[in-house]
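Asker: This is the structure, below, for whatever I ask next.
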Amino acid sequence: MDLRGRPKCYSLHLGILPFIVLVLVFFGYGFLSHKIQEFRNPGGETCMATRQTDVQKVVSVPRMAYPQPNVLTPIRNDVLVFTPWLAPIIWEGTFNIDILNEQFKLQNTTIGLTVFAIKKYVVFLKLFLETAEQHFMVGHKVIYYVFTDRPSDVPQVPLGAGRKLVVLTVRNYTRWQDVSMHRMEMISHFSEQRFQHEVDYLVCGDVDMKFSDHVGVEILSALFGTLHPGFYRSRRESFTYERRPKSQAYIPRDEGDFYYAGGFFGGSVVEVHHLTKACHQAMVEDQANGIEAVWHDESHLNKYLLYHKPTKVLSPEYVWDQKLLGWPSIMKKLRYVAVPKNHQAIRN
């Protein structure tokens with residue numbers, strides 16, 4: 001016993017305890033460091049498993065008057081409004097744009113919109129930009145990134161406050177398929193070299209379209225895709241995925257969530273860079289193996305979004321062809337629609 005009546009072994013234990021803690025901390029750190037290294041590939045890049053998920057910032061909004069949400073009244077009972085992985089599917093009636101506008105304005109958000117106006121497709125650019133000024137991200141800061149081989153043909157369109165246009169000169173290709181596929185390469189390159197320093201989100205659209213109704217911050221998320229208007233009612237077996245195993249875009253017939261349109265996708269600059277870089281690398285590998293995916297960059301986009309689930313999915317309101325599909329009652333609004341054209345004349 002010591003002078004305070006405690007057993008000597010008890011005092012000994014108290015003396016050893018700090019040493020044991022130090023040993024455990026040291027070896028625990030080494031173990032965790034080893035595990036962290038296991039999540040990195042041989043090239044030193046962090047594996048997808050360690051990437052940050054879509055964490056929406058919590059911002060303080062001002063007092064606002066708006067209808068109270070009712071937990072017993074579905075916002076839409078005629079369509080799916082959430083994916084199985086709990087990503088929202090954006091339809092008219094599923095969001096309050098006033099609340100969202102306040103949230104994104106308080107974050108001082110800047111949105112980039114990329115569009116490719118190559119060869120004869122430059123004729124669609126004026127209508128694209130004019131309608132974007134009317135309907136796209138109204139009230140927010142926007143940078144239009146126009147990729148073109150004809151910079152002198154880019155029209156002068158009056159832009160609102162906080163909005164500007166940047167012309168990026170790129171080469172053209174003989175085949176329209178190559179023009180389409182090289183979009184991924186260009187977006188990937190400029191995301192790394194420029195976009196990440198200038199904008200918070202990227203939206204990638206087709207130039208032979210026009211905005212016909214509101215397209216705003218409700219679409220913004222870490223990674224979003226848009227349901228293809230021709231397949232939103234179809235079963236996965238009917239999707240026009242790439243079905244040849246030789247291609248990097250191959251998807252088996254028993255897999256698939258949705259069929260996404262190649263003409264409208266986006267997200268944070270980081271996630272768009274990951275997507276476009278992966279698709280470009282897959283297309284390069286296909287080319288080396290003498291195969292071209294059935295729907296080119298769209299096929300690779302669908303493969304990517306199958307295994308990298310988007311954090312938000314846009315309904316076909318955001319890509320529509322009224323001439324081919326009419327205006328079904330389920331579509332409360334048609335927001336981004338195809339412009340009638342002669343594909344053969346434009347592509348050749």
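Just so you know, glycine gets a Cβ as well, placed from its N, Cα and C.
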Asker: Where Swiss-Prot marks N-linked glycosylation site, which residue is it, choosing among Asn108, Asn172?
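Answerer: Comparing Asn108, Asn172 with the record, Swiss-Prot tags Asn108 as N-linked glycosylation site.
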Asker: Sequence gap of 6 or more, C-beta under 8 Å: which same-chain residues meet both conditions with respect to Asp208 (UDP-N-acetyl-alpha-D-galactosamine binding site)?
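Answerer: For Asp208 (UDP-N-acetyl-alpha-D-galactosamine binding site), the qualifying residues are Tyr121, Phe124, Phe128, Ala338, Val339, Lys341, Ile346.
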Asker: Would you find the one among the recorded positions Asp206, Glu298 whose Cβ has the most company, meaning other Cβ atoms within 10 Å?
Answerer: Glu298
Asker: When you tally the Cβ atoms that lie within 10 Å of each candidate's Cβ, which of the binding-site residues (Ala117, Ile118) has the highest tally?
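Answerer: Compared across Ala117, Ile118, the most Cβ atoms within 10 Å surround Ala117.
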Asker: In Å, rounded, how far does the Cα of Asp206 (UDP-N-acetyl-alpha-D-galactosamine binding site) sit from the Cα of Glu298 (active site, nucleophile)?
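Answerer: Rounded to a whole number, the Cα-Cα distance is 12 Å.
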